[in-house]
Amino acid sequence: MRINPTTSGSAVSALEEKNLGRIAQIIGPVLDVVFPPGKMPNIYNALVVKGRDTVGQQINVTCEVQQLLGNNRVRAVAMSATDGLTRGMEVIDTGAPLSVPVGGATLGRIFNVLGEPVDNLGPVDTRTTSPIHRSAPAFIQLDTKLSIFETGIKVVDLLAPYRRGGKIGLFGGAGVGKTVLIMELINNIAKAHGGVSVFGGVGERTREGNDLYMEMKESGVINEKNIAESKVALVYGQMNEPPGARMRVGLTALTMAEYFRDVNEQDVLLFIDNIFRFVQAGSEVSALLGRMPSAVGYQPTLSTEMGSLQERITSTKEGSITSIQAVYVPADDLTDPAPATTFAHLDATTVLSRGLAAKGIYPAVDPLGSTSTMLQPRIVGEEHYEIAQRVKQTLQRYKELQDIIAILGLDELSEEDRLTVARARKIERFLSQPFFVAEVFTGSPGKYVGLAETIRGFQLILSGELDGLPEQAFYLVGNIDEATAKAMNLEGEKK
């Protein structure tokens, strides 16, 4: 990554030759600015509005140029609230896109979309900044190695394994556990993972951001006593932020992750919660920018915007970015343009099901709806592949039999089908697992289950060795030995 050195002399002369414009129109978060002829800023340049409002309060609003309208006008989207701005106010063209601090000094800190620290710990100790708009790495730089990323979550590791250096999507409607699953993945992976992580909070609840920060301090991922030893940088643009901030905060987080990958040559984890809010923010400003709405009211540039973000999240020969993204599914409709566009970019999808959440099976991951390009015998091995397929077949058969059971009852099934149903119900319960981050709600200590243990457990259920155990023994346990111990306890309680 090239960082152009600037001497103090040229910086002074650049300030003297400031390109000034004036606000001509304000429509919510969108501003029209008039510049002198021949002095038009480039698209994506940052503009700064400084001044005082009618009450004398200081105003400092950064905007990003989106369109050149002709007649010496540009249209820009504000990154913070436009309250107090008036027509005729002076606007400064910075002559460059938004740039944010990057490098080791960002670890342990919380930033907003502009790269300004918001954690009251003082300024960031770095001179190195990077623009948030960059092109994706060239095809020849990409790394194509295939390896599994173990998460310690049974349902994920067995049925839809994650790729190291890949892109993973967690799909689900409101309240089915996307953020809890992301927090568990941060807990299991970021703690064990030697490299660094970047968390981009895009348009989600402020409370969740605060909880995550507190939890990271408790677990030592953020080291309060020595911030430099922290392992994560946090970038937040919450629900209450204007759409401009929510639209760009994902790029700010990605820029920080890219620096660790390209310059420090590290393996980076990038968590984004929630990628749908990035699309939603784009659709909010799209109409104000004069674009005709497309399907379901989304912006016509949906695929382009998503592609420009996702194509930068990749692994190169220098280092890797493994990205885990939560994707809100409006009205539980996976064919909605926002989740449907996201699907195309992912190596693995973890689909959360409201039906399983209603049954109390957590994580509520749909074992039949979740997919992964990694579930191939040449990558995961014959044994893993075969057991995953048999688990899916058993669950699929159970799903087909549910209508018959509902109408005629279990007794009308053949002996073979009854056995399939009994094993499927055990598998369904064994796919649940107590989470470390949910200990407060469940009262059960969290469990990390290695891949070998997971495969052994499902092998035993499918082989019929555990047919005599009650199905409730398999609910919310870690490995299979805990299930057999729980069955003995249940037996003892009955006596």
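Every residue gets a Cβ built from N, Cα and C, even glycine.
Straight from Swiss-Prot, the features:
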| type | residues | note |
| --- | --- | --- |
| BINDING | Gly172, Gly173, Ala174, Gly175, Val176, Gly177, Lys178, Thr179 | ATP binding site |
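Look at the binding-site residues Gly175, Gly177 and count other Cβ atoms within 10 Å of each Cβ; Gly175 has the fewest. Using the Cβ center of Gly172, Gly173, Ala174, Gly175, Val176, Gly177, Lys178, Thr179 for ATP, the list of other same-chain residues with Cβ within 8 Å runs, in sequence order, Tyr328, Leu352, Ala357. Reduced to three states, the DSSP call for Gly172 (ATP binding site) is strand. A sphere of 10 angstroms centred on the C-beta of Gly172 (ATP binding site) encloses 27 other C-beta atoms. Cβ environment of Val176 (ATP binding site): Leu352, Ser353, Arg354, Ala357, Ala364 lie under 8 Å away, each six or more residues apart in the same chain. The Cβ neighbour count for Lys178 (ATP binding site), using a 10 Å radius and every protein chain shown, is 27. Within 10 Å of the C-beta of Gly173 (ATP binding site) we count 17 further C-beta atoms, all protein chains included. Sequence-distant contacts (6 or more apart, same chain, Cβ under 8 Å) of Ala174 (ATP binding site) comprise Tyr328. Sequence-distant contacts (6 or more apart, same chain, Cβ under 8 Å) of Thr179 (ATP binding site) comprise Glu204, Glu208, Asp273, Ala326.
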